[in-house]
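First up is the structure itself, then whatever we jot down about it.
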Amino acid sequence: MLSACLEFLGMGLCLLGSLLVMVACGLPMWKVTAFIDMNIVVAQTTWDGLWMSCVVQSTGQMQCKMHDSVLALSQDLQTARALTVIAAVLGVAGLVLTIAGAQCTNCIKTESVKAKVVNAGGVVYIISGLLVLIPLCWMANNIIVDFYNPDVSSSKKREIGAAIYIGWAATALLLLGGTLLCCSCPQGGKSAYPINYAPTKTISANGHFDKRHYV
């Protein structure tokens, strides 16, 4: 029963982490305008994302523009694009594996094979979390370095956006959930839901049930 609880908890955490990866991938708030001047009243705020850049006016109006060319992007944005998409695809693949090998499904009959499939799903989720973590830390490091670089003008300095924090939360959920899935398999590949069958009553030679089965 404990293994089944760990399996359900791990699947829930990994599913939530995969959804957050997709949300972080689509949000344009990876880099946001840094307010470091004396005058805090600004006319517009700039958001830079993996797929588009947005300008939010002080009146509340927002205009977004898709990136014209992939090759024109910085190296960290190109890497973040590729790795986050791969991580999202791995999240879907991990979900298929864990559902196929879950103890509450009958997709696979052999218990030992089901345990190996769930382990494989947990490993896939862990890899997905690591792939997301790489571009997040790389981009956050570049933002911090540029922020404290005196050679970079104030108008080009950026701060860490909400999408990066969402990505870090997704990474933590994927790593934790994948670890739980790897540890959720019952000992010796036995099912967490044992089935106990009652002994079959034998019939004596005269056609009656054996009296030994009666109390």
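Glycine is treated like the rest: Cβ placed from N, Cα and C.
Quick caveat, the model's predicted, so the values are computed rather than measured.
Record features (TrEMBL):
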type: TRANSMEM; residues: 6-30; note: transmembrane segment
type: TRANSMEM; residues: 82-102; note: transmembrane segment
type: TRANSMEM; residues: 122-148; note: transmembrane segment
type: TRANSMEM; residues: 160-181; note: transmembrane segment
Are there residues at least six beyond either end of the transmembrane segment (160-181) with Cβ under 8 Å to its Cβ atoms? List them, or say none.
6-7, 9-18, 20-21, 23-24, 27-32, 47-49, 84, 91, 94, 98, 118-119, 121-126, 128-130, 132-133, 136, 139-140, 143-144
Intrachain neighbours beyond the transmembrane segment (82-102), with Cβ under 8 angstroms and 6 or more residues off its ends:
7, 10-11, 14-15, 17-18, 21-22, 24-25, 50, 108, 113-118, 120-122, 124-125, 127-129, 131-132, 134-135, 167, 174, 178, 181
